[in-house]
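Everything on this sheet refers to the single structure shown next.
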Amino acid sequence: VDPDDVLTKEEQIYLLVQAKEKCQRDIKAQQEKIKGSIPSLSMDTSCLPEWDGIICWPKGSPSQEVSVPCPDYIYDFNHKGHAYRYCSAYGTWAMALSINKTWANYTECALLFSSESRSREKEVFDRLHMMYTVGYSISLGSLIIAICILSYFKRLHCTRNYIHIHLFTSFICRAVSIFVKDMVLYSDTLASEMEKMREDDFKAEMGPSPGQRSHLASGVGCKVVVTLFLYFLATNHYWILVEGLYLHSLIFMAFLSNKNYLWVLIIIGWGLPAVFVSVWTSVRASLADTECWDLSAGNMKWIYQVPILAAIVVNFFLFLNIVRVLASKLWETNTGKLDPRQQKLLKSTLVLMPLFGVHYVVFMAMPYTEVSGLLWQIQMHYEMLFNSSQGFFVAFIYCFCNGEVQAEIKKAHFRRSLALDFKQKARATSAAGSCCYGGLASHATTSFSMSLMGRGAGSTQQRGLLLPACASLPGYIPSSFASDNFLP
């Protein structure tokens, strides 16, 4: 899940302060209105409006229950419910004698804190966690294998595959950073402590108390983990953009295929994200150095989100342009068919480019809302499935289905099979007896045959004795005959 989905403690407090100030202004305006009214109104026995720390309660009629919608500025409230108070016949708000406070019923607002609601929410998050953990694990293994293959075979070393290796590396870094972030932020101990804090904070009718989470996960190491996660997330998007730029250049310009331009692409893929993530880190450390930086801090999130969204949009338009040009070429041909090179580009575009940004565009403009909503669950399952498995599909298409890679693997397998066959024959020869093989054997066999021809028919019986146990191996002769018959 994106680390910028919810409010920070500071943002929640700021919203509460705004609501309190607005409530006090409204109460003051009502009081001034009452003072300037006729005496009968100033003797009104209604319950007075007041701010209780969470809700601005309006004036209440005697012996009546007052209901107020659960405020939308409290992030974790059920915003479809209502809170209730009771105004007594004496014009005072009912009291909860056990705690000596004004009685209020927040049950409907606190539905999100109920055990049933928490159970459903936990089930959803556990399913999402399992989904992206399995997906990223499979992607991680396939990407490592793909990098080893492209690096091992020298004939596969070219600009195109260098870019693929950088892309694979960015996917690996993204997956590893997610696993590390989960271990640091969402361990079982931390989750249980956070759940207890959440309930205690609500019982106190206030937002999260200051400093409670800082001792759990707000050290320097935690901030470094979150920063690296954002950096590798950004580099992954920018290497996807580099792949789109490279494919686009092959069709329209072809100058990026030159190895000299590889450094330009490396700067785009690894350098640009470092710039805006560093800016975000500096601003966050200076202006909002609280918590573990895993939650948002106002508009600071746009420092890194805008460049990422820009990369997604640019890559999407590159995809549309490539499809447009290839489609026009397809219709311009008289036969209705593309030449082999165009067919290869068409397949690459239609198969790879959707993996490189189209699925990001689907929910890009949709903000994260309530975790209990059906649309939110559809969005998160969609994103977790595609994001976690994207690395596997990229490795599968760019490496495992690549014809050049398959040809090199077949050659290596053939050479290895020949080497193993040679070793097996050598071991069989040594087990059967001392034999000569190769050029010496071939020369010795020829000389020995000429010697037998000169000896006449009497050598026929001896010829039968000359066949060794390894006669079935071509090119082999016993070394004893080589020493007995070929010495001058």
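Quick reminder: no glycine exception, Cβ is built from N, Cα and C everywhere.
Taken straight from TrEMBL:
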- 22-113: domain 'G-protein coupled receptors family 2 profile 1' (DOMAIN)
- 128-402: domain 'G-protein coupled receptors family 2 profile 2' (DOMAIN)
- 130-153: transmembrane segment (TRANSMEM)
- 216-232: transmembrane segment (TRANSMEM)
- 238-256: transmembrane segment (TRANSMEM)
- 261-282: transmembrane segment (TRANSMEM)
- 302-327: transmembrane segment (TRANSMEM)
- 348-368: transmembrane segment (TRANSMEM)
- 380-401: transmembrane segment (TRANSMEM)
Looking at the stretches 130-153, 216-232, 261-282, which one shares the most CB pairs under 8 Å with the transmembrane segment (380-401)?
130-153
For the transmembrane segment (261-282), what are the same-chain contacts with Cβ under 8 Å, counting residues 6+ beyond its ends?
159, 162-163, 166-167, 170, 227, 230-231, 234-235, 237-239, 241-242, 245-246, 255, 300, 303-304, 307
Counts of helix, strand and coil residues, the domain 'G-protein coupled receptors family 2 profile 1' (22-113), according to DSSP:
23 helix, 24 strand, 45 coil
